[in-house]
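**Q** The structure is given below, and queries will be raised subsequently.
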Amino acid sequence: MAAASGYTDLREKLKSMTSRDNYKAGSREAAAAAAAAVAAAAAAAAAAEPYPVSGAKRKYQEDSDPERSDYEEQQLQKEEEARKVKSGIRQMRLFSQDECAKIEARIDEVVSRAEKGLYNEHTVDRAPLRNKYFFGEGYTYGAQLQKRGPGQERLYPPGDVDEIPEWVHQLVIQKLVEHRVIPEGFVNSAVINDYQPGGCIVSHVDPIHIFERPIVSVSFFSDSALCFGCKFQFKPIRVSEPVLSLPVRRGSVTVLSGYAADEITHCIRPQDIKERRAVIILRKTRLDAPRLETKSLSSSVLPPSYASDRLSGNNRDPALKPKRSHRKADPDAAHRPRILEMDKEENRRSVLLPTHRRRGSFSSENYWRKSYESSEDCSEAAGSPARKVKMRRH
């Protein structure tokens with residue numbers, strides 16, 4: 001059988017079969033090595049060029065990189081500014097619930113006395129959903145000035161506002177001195193801001209030429225938030241996202257200095273006043289702060305020394321225009337920007353329009369109606385016949 005198959009010996013047949021198996025195994029190993037080499041080359045090519053086939057994907061990635069870097073840069077800038085703001089803020093919880101209740105009862109007494117007219121004229125400043133009560137020192141701001149803008153604020157003459165109530169010294173200032181928040185004798189100006197739900201105050205910086213730093217405030221009645229770096233837009237009212245929103249709890253003390261007090265604005269947003277809230281602001285006026293020296297600014301007859309009294313240092317004090325609102329606010333008043341405190345549109349109109357057209361005195365519609373009626377009365381009294389006036393359309 002071995003001879004028929006061409007092999008003379010069975011050992012020769014086995015030997016020939018072994019060599020063939022070795023050849024097949026060697027072929028498989030070579031193929032595997034070749035496949036591994038191809039895979040390695042493909043991986044190297046992929047690492048050198050992430051998208052070797054589709055150029056559109058690579059182009060999209062290149063285009064999106066600058067956008068992502070700009071966004072990241074803006075976020076870094078915002079975080080850096082927020083860090084600067086935080087560096088100028090100190091907060092502490094000093095007043096217990098019982099102490100808050102005592103102080104809040106005193107604030108209610110201030111409101112009651114103001115409603116009875118027991119304070120000086122410049123002590124009380126009313127606005128829809130927000131009343132301010134100045135003690136010790138008061139100053140002009142916002143629509144009260146003929147020339148508006150930073151640096152135009154002036155202190156009232158001494159005695160034009162009431163003295164700081166004794167309870168503010170005993171219940172508030174003394175506790176701050178004991179905890180070394182402020183030094184003894186630092187405070188000579190106390191302002192109580194009383195907010196109703198939806199009330200607000202637009203972004204501002206406390207006048208640097210009027211007040212020393214730090215600025216100390218104590219919150220009562222409810223929790224709220226103090227926002228930094230917001231931009232207000234009116235009609236309809238909108239408020240941009242703040243650089244930093246600082247929670248302000250009932251009974252907490254907030255101290256502003258440095259960047260937080262001088263380099264960025266702060267505000268109270270309408271959405272952050274959900275319940276009645278009051279804040280007592282304690283400050284010290286600068287020795288060189290400009291001051292109004294005359295006590296009868298609205299009088300038509302002025303003393304001969306008025307011109308010299310108007311001067312405070314090298315600054316001439318602008319005439320005051322009393323523009324206070326005594327209207328009671330309805331619940332929707334916060335959404336009517338025309339009556340908000342320091343309304344920019346109102347300020348612009350009062351500067352551009354002539355005196356008889358300004359809304360602070362009376363509406364233009366009522367003015368022209370009254371003028372027309374008075375002219376008719378005069379013509380009838382004089383006995384002159386009525387004239388027909390042809391109105392020209394423009």
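Using the three backbone atoms N, Cα and C, a Cβ is placed for every residue, glycine included.
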**Q** If you check Swiss-Prot, which of Cys200, Cys230 bonds to Cys267 via a disulphide?
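**A** In Swiss-Prot, Cys267 forms its disulfide bond with Cys230.
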**Q** Ranges 67-116, 167-216: which does Swiss-Prot label coiled coil?
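**A** Matching range for coiled coil: 67-116.
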**Q** Going by what Swiss-Prot says, which of Lys57, Lys274, Lys388 is noted as ubiquitin cross-link?
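**A** That would be Lys57, per the ubiquitin cross-link annotation in Swiss-Prot.
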**Q** Of the residues Ser312, Ser325, which is given the phosphoserine tag by Swiss-Prot?
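**A** Looking at Swiss-Prot, the phosphoserine feature maps to Ser325.
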**Q** Look through Lys132, Lys231, Lys390 and state which residue has the annotation N6-acetyllysine in Swiss-Prot.
**A** Lys132
**Q** For Cys230 (disulfide bond) and Lys86 (SUMO1 cross-link), what Cα-Cα distance in Å is obtained after rounding to a whole number?
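**A** Distance between the two Cα atoms comes out at 16 Å.
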**Q** Of the binding-site residues His204, Asp206, His266, which sits closest to Ser69 (phosphoserine) by Cα distance?
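**A** Out of the listed candidates, the nearest Cα belongs to His266.
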**Q** Hey, does DSSP put Lys132 (N6-acetyllysine) in a helix, a strand, or just coil?
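**A** Where Lys132 (N6-acetyllysine) sits, the three-state DSSP reduction gives strand.
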**Q** Report the nearest neighbour of Cys267 (disulfide bond) in space among the recorded positions Lys86, Ser87, His204, Asp206, comparing Cα positions.
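**A** Nearest candidate: His204.
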**Q** Pick out which of the recorded positions Lys86, Lys132, His204, His266 has the most other Cβ atoms within 10 Å of its own Cβ.
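**A** The residue with the densest Cβ neighbourhood is His266.
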**Q** Taking only the residues in the coiled coil (67-116), give me the average pLDDT of this model.
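**A** Result for the coiled coil (67-116): average pLDDT 95.
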